[in-house]
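J.: Look at TrEMBL and you will find 233-242, 276-288 tagged as compositional bias 'Basic and acidic residues'. The compositional bias 'Low complexity' annotation in TrEMBL covers 1105-1118, 1131-1150. As annotated by TrEMBL, domain 'Cation-transporting P-type ATPase N-terminal' applies to 1-60. Per TrEMBL, region 'Disordered' is recorded for 233-288, 1102-1150. Feature annotation from TrEMBL assigns transmembrane segment to 310-331, 351-377, 786-807, 863-881, 901-919, 939-959.
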Amino acid sequence: MLQSLTGNVTDLEERRTVYGQNLIPPKKPKTFLQLVWEALQDVTLIILEIAAIISLGLSFYQPPGEGSESCGAANAGAEDEGEAEAGWIEGAAILLSVVCVVLVTAFNDWSKEKQFRGLQSRIEQEQKFQVVRGAQVIQLPVADIVVGDIAQIKYGDLLPADGILIQGNDLKIDESSLTGESDHVRKSADKDPMLLSGTHVMEGSGRMVVTAVGVNSQTGIIFTLLGAGGEEEEKKEKKGKMQDGNMENNQTKVKKQDGAAAMEMQPLKSAEGGETDEKEKKKSSVSKKEKSVLQGKLTKLAVQIGKAGLVMSAITVIILVLYFAIDNFVYQKRQWLPECTPVYIQYFVKFFIIGVTVLVVAVPEGLPLAVTISLAYSVKKMMKDNNLVRHLDACETMGNATAICSDKTGTLTTNRMTAVQFYTGDVHYKEIPDPSSIPPKTLDLLIHAISINSAYTSKILPPDKEGGLPKQVGNKTECGLLGLIIDLKRDYQPIRNQIPEEKLYKVYTFNSVRKSMSTVTKLPDGSFRMYSKGASEIVLKKCSRILNEVGEPRVFRPRDRDEMVKKVIEPMACDGLRTICVAYRDFPGNPEPQWEDENNIVSDLTAICVVGIEDPVRPEVPEAIRKCQRAGITVRMVTGDNINTARAIAIKCGIIHPGEDFLCIDGKEFNRRIRNEKGEVEQERIDKVWPKLRVLARSSPTDKHTLVKGIIDSTMVDQRQVVAVTGDGTNDGPALKKADVGFAMGIAGTDVAKEASDIILTDDNFTSIVKAVMWGRNVYDSISKFLQFQLTVNVVAVIVAFTGACITQDSPLKAVQMLWVNLIMDTFASLALATEPPTESLLMRKPYGRNKPLISSTMTKNILGHGIYQLIIIFTLLFVGEQIFDIDSGRNAPLHSPPSEHYTIIFNTFVMMQLFNEINARKIHGERNVFDGIFRNPIFCSIVLGTFAIQIVIVQFGGKPFSCSPLDLEKWMWCVFLGLGELVWGQVISTVPNSKLRFLRGAGQLTHKDDMPEEELNEDQEEIDHAERELRRGQILWFRGLSRIQTQIRVVNAFRSSLYEGLEKPESRTSIHNFMTHPEFRIEDSTPHIPLIDDTDIDNEAARKNSSQPSSPNKNNNAIDSGINLTTDTSKSAASSSPGSPLHSLETSL
């Protein structure tokens, strides 16, 4: 027998230095400078830099013909103040503001990365492992394991290091993450004892000696091989230990693909370093690629607005240049003199800068930033609410959730099992009896059966604090039974010491198929005794005897069993108890039984007793479920428990209310309803079941997966359902992966479940899910608030710059001022609006659908309304401002002239209006009180006040660089007054009912043509990429044609095959849909709905992929002919068939 390590510190240190530590060193994070360099890659910034440098260069060049009148109005008035030398200031100021923008962006990225590192180390510390040291079983963080440790492994573990099995019970390992073979490998100490890190324990338990850790373990070796290269990233993520290094590679890789928007979603991919098997890897790479709904909508919007801005700026420049040329050379009939060239070029540069400024303001580079800030902020705060988010987009998807499929044990209940009822010797005790009233024989058998036939890792420890409840360690149900022994004033430890784990002859461990566990021991006389325990209806079916009131076995017939179910088990279950039956059987020592023939071994048992174990509902759960239902989210309970238990608990939780029309069924009935005669799952059948289903009892993991998939693929409701699933067991992996958001339990969850999940609930509590919903909706709302604010500013600034430039040859808002407005709008506003804390009122509305436009009609109303107000004010100031304030007009000022008060007032008023509109933007559902809860968000207050302060400094002391001249108090008051008008006007706007504004309906619908506010649209209706539209049209026609061909093939085949085998084989039904499944192109009754989830490049890619698939109708033909089921487990990669498609109706009619 191997001795465990003593835990001596020097010994452990020495082992660490010789064999290395059990962690794989992470890659170095990006330096701040690298991030700065990345931020500089932005196209608009590069254009600005070039313009600024040209401007700088020209300002230092003094042309010889300066004084000559012949160059016309070019420099009249410039010389008077001797200001020509100050020409460099504008270029320098632009460069300076570019630097600001870059630093802010880089800092944001840097802090984001730091956050993820923190998150990752937190996830790393979460993973603990049981190790024997100094004859004590202790839990260690995985990183502290050293070579030579004896580790205890059990069902659901992810092995942290390589080792050799020294003792195992029925151990099966899933080595697919290393070998790609999905079959489970049986391990035993004598046959195949090698255990490798990064593999999963799928069944059984045992102990292993650790032989290699960290870089030297199997996982580590693969990591080191992959050390280089981003191409191998996928393989890398597959491997076991969490590896932060992936973040960078991923980010740069994704950046290449589609710019900043996707970058935000990357870093957490590798967070728990998922070793999913190869197949699943392929699946998940497809499924996780899909940008989150919000990301998709936003990228699309930003691209559209950017295009509009580009067009606007181009027109601006062209008009300015033409006007200047015609005015100078046609009207005034000037000659182009060589010595005047520099002067003209200076003009052209100025025009170019104005054009670029329009572009800068039009491009909402704050959008990706707002999403990132909002998500990062939410993730950080969600940690406090016990949600550890592993995939950023899960946070926002959760806001759209329409259904939650929850486990019962541990999520809805406290997961503290206590035995409360007890049946033995024909007596049903409603509470745990005095041990003296139980026959001694029965008691002895019972205590042995429970002590030996449970994992030795399950134990009950004294409470942490005085007067607390005893601590339950290990499997909670077993702890409940061990608690029964303690309640019967006995102790299980002496029995375990007498028969240590090594001496157990054979163990059939618990798994979801058996739903029972059995352990065989060798008795002193050489015969064998097997103890069994498990779900009562399953174990009782295998019993042929039962102990009577004196502890002697008597015959137990099927009709006795039925009576017992009625009299004992059902009443217990109706009280919400989980019923466990304990039984035993004796075998002769000679001949030794065939242990492998499990069905014959675990039968003919003698029942000892039935125990009713209570798992009380968490006190806060009913309230949380009520909130969910009010928020339009259906909660369904999926559990392995007995149907009566499940129903009782569902009523206690408020999942079902007596008198409602709902379904509570068990797995068998569920399968009977959803499968056809051939035993295949049919979507139409699922559609009949799921809308009313509230409780699914005695369900297998496959049932859970089928249900989740069925709800997600269902097309009977107009919005696609967004499903969240909670799970803790290894067997929940597939369902967690399939769901839109998978929640794993942080305490009770196995590593496999955590791996498959998107969010880990660190307190295993259902209320945390409600918090997640709240945060998710909050993210969505924050983005909408920011959008509303941003678009108002964009519309106004672009129109002002454009018309101003065309009418007065000079933008009223100068380049530097625009950059400042852009900075406050984009960066600060996204910070301020994205960090609004969520309120309970978010749970009062139904979830937004997947295809709800980002810009609701209320928001469109606000954008247009505020835009009109701001434009009226600014144009009034621009054209009659000098008379109102009695100051010099700033219009038509020559080059290099000093800043005018007139234009300063315009700039100042503009900024004031934005500031007050930022307060308006806090509410997007048309609420009246925009100040509601404003002081709960200190970030918002400080940003608004800070911006105000900086604005004062800019106006009073900005001078030439900012083209501002100081204003006196009276003018300041006017500016602020006009800004305050925004708040009043906001009230006016919210009084106008949406129904009056029919035309806004269309504006809010972001179809692929018009996702921008109307004004921008009208100005460049023509420019929105014809090519793109043609391409879309082409795709749609192509798919329509394809579907026709397929339909025809299908008909021909149906007739051809009906001659031979009756009718077409049903398996092929999915194969044809496979070509219809790209989510971008679900052709619903052949009307093209192109959802918003794609950037055009993705679109093209998909088109390419799709066109390469069904390139020859013949391929299809074979698939259909042979009836091969093309989608075995690609269910993940292909969104499954859409019963809305024309093919579907055809199939059914056939």
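Cβ atoms here come from the backbone N, Cα and C positions, even for glycine.
Model, not experiment: these values are computed from the prediction.
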J.: So which residues does the transmembrane segment (351-377) touch in its own chain, when a touch means Cβ under 8 Å and the partner is 6 or more beyond its ends?
T.: 42, 44, 47-48, 51-52, 54-55, 90, 94, 105, 108, 111-112, 115, 259-261, 263-264, 294-295, 298-299, 301-302, 305-306, 308-310, 312-314, 316-317, 320-321, 324, 392-393, 395-396, 779, 782-783, 786-787, 790-791, 793-794, 797-798, 801-802, 805, 810-811, 813-815, 818-819, 821-822, 825-827, 829-831, 833-835
J.: With a Cβ cut-off under 8 Å, give me the same-chain residues at least six positions beyond the ends of the transmembrane segment (786-807) that come close to it.
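T.: Answer is 301, 305, 309, 312, 315-316, 319-320, 323, 354, 357-358, 361-362, 364, 366-367, 370, 374, 813, 818, 821, 825-826, 829-830, 833-834, 854-855, 859, 862-863, 866-867, 870-871, 874-875, 878, 910, 914, 917-918, 921, 924, 1012-1013, 1015-1016, 1019.
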J.: Taking only the residues in the domain 'Cation-transporting P-type ATPase N-terminal' (1-60), give me the average pLDDT of this model.
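T.: It averages 78.
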J.: Looking only at the domain 'Cation-transporting P-type ATPase N-terminal' (1-60), how are its residues distributed among DSSP helix, strand and coil?
T.: 38 helix, 1 strand, 21 coil
